[in-house]
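Annotated features, as they stand in Swiss-Prot:
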- 796-819: compositional bias 'Pro residues' (COMPBIAS)
- 824-836: compositional bias 'Polar residues' (COMPBIAS)
- Cys106-Cys141: disulfide bond (DISULFID)
- Cys317-Cys328: disulfide bond (DISULFID)
- Cys487-Cys521: disulfide bond (DISULFID)
- Ser714: phosphoserine (MOD_RES)
- Ser719: phosphoserine (MOD_RES)
- 623-661: region 'Disordered' (REGION)
- 679-699: region 'Required for interaction with LHFPL4' (REGION)
- 711-735: region 'Disordered' (REGION)
- 791-836: region 'Disordered' (REGION)
- 1-14: signal peptide (SIGNAL)
- 15-678: topological domain 'Extracellular' (TOPO_DOM)
- 700-836: topological domain 'Cytoplasmic' (TOPO_DOM)
- 679-699: transmembrane segment (TRANSMEM)
Amino acid sequence: MWLLALCLVGLAGAQRGGGGPGGGAPGGPGLGLGSLGEERFPVVNTAYGRVRGVRRELNNEILGPVVQFLGVPYATPPLGARRFQPPEAPASWPGVRNATTLPPACPQNLHGALPAIMLPVWFTDNLEAAATYVQNQSEDCLYLNLYVPTEDGPLTKKRDEATLNPPDTDIRDSGKKPVMLFLHGGSYMEGTGNMFDGSVLAAYGNVIVATLNYRLGVLGFLSTGDQAAKGNYGLLDQIQALRWLSENIAHFGGDPERITIFGSGAGASCVNLLILSHHSEGLFQKAIAQSGTAISSWSVNYQPLKYTRLLAAKVGCDREDSTEAVECLRRKSSRELVDQDVQPARYHIAFGPVVDGDVVPDDPEILMQQGEFLNYDMLIGVNQGEGLKFVEDSAESEDGVSASAFDFTVSNFVDNLYGYPEGKDVLRETIKFMYTDWADRDNGEMRRKTLLALFTDHQWVAPAVATAKLHADYQSPVYFYTFYHHCQAEGRPEWADAAHGDELPYVFGVPMVGATDLFPCNFSKNDVMLSAVVMTYWTNFAKTGDPNQPVPQDTKFIHTKPNRFEEVVWSKFNSKEKQYLHIGLKPRVRDNYRANKVAFWLELVPHLHNLHTELFTTTTRLPPYATRWPPRTPGPGTSGTRRPPPPATLPPESDIDLGPRAYDRFPGDSRDYSTELSVTVAVGASLLFLNILAFAALYYKRDRRQELRCRRLSPPGGSGSGVPGGGPLLPTAGRELPPEEELVSLQLKRGGGVGADPAEALRPACPPDYTLALRRAPDDVPLLAPGALTLLPSGLGPPPPPPPPSLHPFGPFPPPPPTATSHNNTLPHPHSTTRV
């Protein structure tokens, strides 16, 4: 009898396991959630082998258990010759791989000189706790962490009780669950996905949450501007992780057709860049950008070669040939490379995403204007006081900021972002005027408040609003929020608002399980309620693309007080009203967030910058850094002009500054001041005339852009674009060109003569967009090297042969004929180092 009973138990176990060690029938969809909930160490089949996870209980009675799969490889380790290369798919492994402990973090220098102003406040305020998450570092760091719920979360149960309807198949365990992949921030230099436990978000929202490690700093973003080191390896790691999820997440009960990427800070910038990249097309459907976009000054590196040369010089790899230099860098230890102090210009980055013509095909704002992100639903927002770390250094005491400190901070801000001598005075005084509370101008606390608003508006608010507007211009779904709450923590100034990164504990449900080492807050019931609200919005968006559906806001099971969010309907953002949701203890839907200040940065400041360029065309500007790796000896035939093209050589070795960037001084002013009065009158009259012309051009350009948008949205019948995302077609024989393309074609023909500048031939006749003009700087640098090769769409294997010359937005532009004074003419739009 006992033998019969044993056989029956074994048969029942085999049926419960689905006939295989992975918990799913061979060839079936994968592990059933019932098996996940019953086994302590469940095993799942993937395309590369079996992985064993661990079931964990959460410290909250309303949350069910979660199975964690920690350290699942999504790519081959980028070691040896694979350093500075796109990631490859992981190799298969025999047997069962344990996925029960966190993987190593990617190499980084947590105690380096990276400016704290760009890091989240919880990171800098708890640096010792953050260091414990990155003590175990290795170049073999390309791993995912998966958090899979084992039963329906409280949102599903609450919905069923409230509506008395049958369970919604979209959010029950009988259907595939939405997937949310989190991209961590840290200025592309620091951080790890291990810091973010997705268990509460997964259990409460009934979604699968994934975090990942991707290559950082020099190992993730070093670029020489040519095929020796193309850059953007960190972005390609994220794309490879998305490929892995699309291929394998069904085995864990996830839906590969409902993948949402979300991130904060630099992670949000990566979200924005992945939206614009054709490499990630079809790999995800929705995106959430928390406190970051691709058009902030710190989002994209427009001087990659400059910092690569500085690093190479520091470690003894300063070679004349870029390939030799990269090979030398490959032979160095990761620790030696990461520990080098290569300081970026303030408000910028030394190693980060670059416009390579492939992964990032063009300037992100140009791609947005072309409608390259039409296929994605988007949720984007900012925190009330993002710029806290910018102001703390200027706050001399609890009494606020003195008048002299205010003036110095604004001057330093203008110097670091714009750098030109005469025009900065006008811009500096204009900024001071706009951010002075004239009703209480002598109040130090008010000066501190307006200074905080200045940095928040410039670095976060204006770029976020511009991004949302560009998205909404094409009638694509976008929701905008502002976050107005932060937890009570020691060391936080009483005057501080919700700073950079303060939304993260609420997104990941930390208040529901209590304080952690990274978030040592005194969480109240209000914090728990607000966290439930945020998780409901975020997971609703992942399920349907609408944060209001399918689960209504209701937290009576958490808080005895009524939830004010129950009566709020989060409206879509549109280009006219610009509606947004105020997320705080007193929620409300409003419109036109900080409209005056946003218009100041997006409209007036670029206009002032353009006026300066026109007025001071006689100013000789120093040559910028090149974008290709050139020999250190200057080429023959180089001659100076009023507006010199980017040279083919770097300054002499003695001119390379290995320390923090310092802007070079311009030649002295040689104007004749004997007739100051007449010159002043003449300049004043000229300014008036130029203002009239500029504003007339502005209104004309707005009308013109609206007309072009209508043409993009309503193409002529029978003429498909043939370009993903609605990009422009190439002029081809036998096809009638639209007026704007015909104009560019005529310019190309007209500029093809001997001695013509190809860069001028490729430049559109219409004036540059004001928000693009805002990013002009004295050391403008075009980015795409003429010899750059495209990456394979899969990111695997050797590069393909060079494609034929093309102006396709996803391919490289044809290089100019080599000359002694040739420079990078490969982009149709100029790029710069300074952004909104």
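Placement of Cβ uses the backbone N, Cα and C atoms for every residue, glycine included.
Given the structure is predicted, the values throughout are model-derived calculations rather than measurements.
Features recorded in Swiss-Prot, as mapped to the structure shown.
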{"residue": "Cys106", "record": "disulfide bond", "Cβ contacts under 8 Å, 6 or more apart": "Gln137, Ser138, Glu139, Cys141, Thr192, Asn213, Tyr214, Arg215, Leu216, Leu219, Gly220"}
{"residue": "Cys317", "record": "disulfide bond", "Cβ contacts under 8 Å, 6 or more apart": "Leu311, Ala325, Cys328, Leu329, Lys332"}
{"residue": "Cys487", "record": "disulfide bond", "Cβ contacts under 8 Å, 6 or more apart": "Asp502, Pro505, Pro511, Phe519, Cys521, Asn522, Phe523, Asp527"}
For Cys141 (disulfide bond), list the number of other Cβ atoms lying within 10 Å of its Cβ atom.
28
Densest Cβ neighbourhood among Cys328, Cys521 (disulfide-bonded residues), 10 Å radius
Cys521
On the topological domain 'Extracellular' (15-678), the mean of the pLDDT values is 83
For Cys328 (disulfide bond), the three-state class that DSSP assigns
helix
